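Asker: Here TrEMBL flags His492, Tyr496 as heme binding site. According to TrEMBL, the compositional bias 'Basic and acidic residues' annotation covers 507-516. According to TrEMBL, the domain 'Major facilitator superfamily (MFS) profile' annotation covers 20-466. The annotation region 'Disordered' is assigned in TrEMBL to 507-530. Per TrEMBL, topological domain 'Cytoplasmic' is recorded for 1-376. Residues annotated as topological domain 'Extracellular' in TrEMBL: 398-530. Sequence annotations record features per position, and here TrEMBL assigns transmembrane segment to 28-48, 54-74, 86-104, 110-133, 145-162, 174-192, 252-274, 286-305, 317-337, 343-364, 376-398.
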Amino acid sequence: MTNPTTSIEDVPLNAFHRLLTLRSGGGSFVDGYVLSIIGVAMLQMTAALQLNSFWQGMIAASALVGIFFGGFLGGWLTDRLGRRRLFFGGPSLFVLASLAQYGVDSAAALFVLRFLIGVAVGIEYPVATALLVEFLPKKYRGPRLATLTILWFAGAAFAYLVGDLILRSGGEDAWRLVLASTAAIGAVLFLLRIGTPESPRWLLSKGRDADAERVIRQVYGEAFSLENLPEQALERKVTIWHLLYAGYGKRMLFVTLFWTCSVIPVFAVYAFAPKVLLALNLKGDWASYGSVAITLLFVIGCIIATRLINRIGRRCMLLHSFLWSGLALLGLGVFHAGSEATILGLFGAYALFIGGAQVLQLVYPNELFPTEIRAFAVGVGTSLSRVGAAVGLALSALQQNINLFYTPTQIANGEAPTDTRIRAGGLVEKGSLQRSEDSLNVRFVVTDGAKEVTIAYHGILPDLFREGQGIVALGKLGGDGVLVADEVLAKHDENYMPPEVTKALKDSGQLKHYENGKAAGETSYNQEGK
């Protein structure tokens, strides 16, 4: 039995603390799920919405931009409306925006919805960590905050399992179900949080002493009261300028920099995981199960770091985490053309070693800042780290969009590289499609009206693939001039043509001829314009 004079910060961990960890960690689980599920849907979604590399990057980064605003907004609202209200506000917005994704029909609309989902996730960080820290006994705060990171990766792993299951059984519009599935996760989180009390500290700050004492008795037992609640510094309104000029600027800079450096590679991997693995020559089940395996190693790395956090110290863990995970990423760059086992091994090493930096993301800001500015500091750290990651993803995607599309003429003239993944497109020539009788191998020829290139592909072509129509293929150019594709994009209606193909035809002087042919009722095209 605990002595009733004991501070509530020194009591043993009880069932309420464990349940609150799960309720707060549910936000991290949702964060991992939503940022990973977009990678699962990306390939099929790209074909359905005809996304170029720029829009792929913008959509992948949109949730991160939303988290930037949500982090600031959540910290501000949490101090004014209370922890409990925001504890339910985030999941509510999350469910509504997730459901709306099912009917999305444009890249811009999807960007907006993903942005709103990011806002909901961003609100989660300051409110969930503030509520958890204000209830948890002091000695359990570090490990329990680290547990939230483990739940992030658990959500990411679950996203790959659920997303892959839906894609295998859902048809050509399965990507819509994949994105909408996030609503179910948000609904479960909302229901799980029913019954969560308000923070006694926040109630006291609003002069609601009777309500605060009732919560303390409910959580800790009838023997406890406000007398068991330690005194704390008076709360004051905090802005980012107060944070920087009150002696905490260097700490805020440190938290933001290490947090940003630790999340940029992780978010890049999760936003484009299937595409990254394809670019590294991992295909089929290697790519599908490789994503899940890597995520599980992230979880294992975080669990190991949680166990070691009080043994080897925060600083030592952070330095070793960045050192060994950085070497693993360097190895991926050097051995990008290696075997499947080599690539997965290096990815796995990165996932395992980055766990130390990941678990410190919520531990450091909650330990480096005092109570009166802790929630705001967590919100600022969350926001700035996410916008850094978003800028990185967007700039990377913009670079891909500028550099990686090549017309048949450019390929024939030797302008396309043979050591990297490129996009190539044109009109599929009439009669050029050749299918293997005993495998999924196909070959066809695309042209821009001036030159042609042969494309080899292993897999099922899109339902809307047609000879005489425009397509875009993604793959690597071999020394024999054949593009070995790992992805073929095709979407047509009576007026549609991929913009890259339209430009290629225009540059070769064949666009007018093609349009005249369509007006005359022709549905095919060969290099002679017939």
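Cβ coordinates come from backbone N, Cα and C, glycine included.
Keep in mind that this is a model prediction, so the values were computed, not measured.
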Asker: Hey, does the transmembrane segment (317-337) touch the transmembrane segment (110-133), meaning at least 3 C-beta pairs closer than 8 angstroms, sequence gap 6 or more?
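Answerer: These two stretches do not touch.
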Asker: Establish whether the number of Cβ pairs under 8 Å between the transmembrane segment (145-162) and the transmembrane segment (343-364) reaches at least three, counting only pairs separated by 6 or more residues.
Answerer: yes
Asker: If I count Cβ-Cβ pairs under 8 A between the transmembrane segment (317-337) and each of 28-48, 174-192, 343-364, which range comes out on top?
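Answerer: Looking at each of 28-48, 174-192, 343-364 in turn, the most contacts to the transmembrane segment (317-337) are made by 343-364.
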Asker: Would you call the transmembrane segment (174-192) and the transmembrane segment (343-364) in contact, using three or more Cβ pairs under 8 Å, pairs 6 or more apart in sequence?
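Answerer: Since fewer than 3 Cβ pairs under 8 Å link them, the transmembrane segment (174-192) and the transmembrane segment (343-364) do not come into contact.
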Asker: Find the average pLDDT over the topological domain 'Cytoplasmic' (1-376) in the predicted model and report it.
Answerer: 80
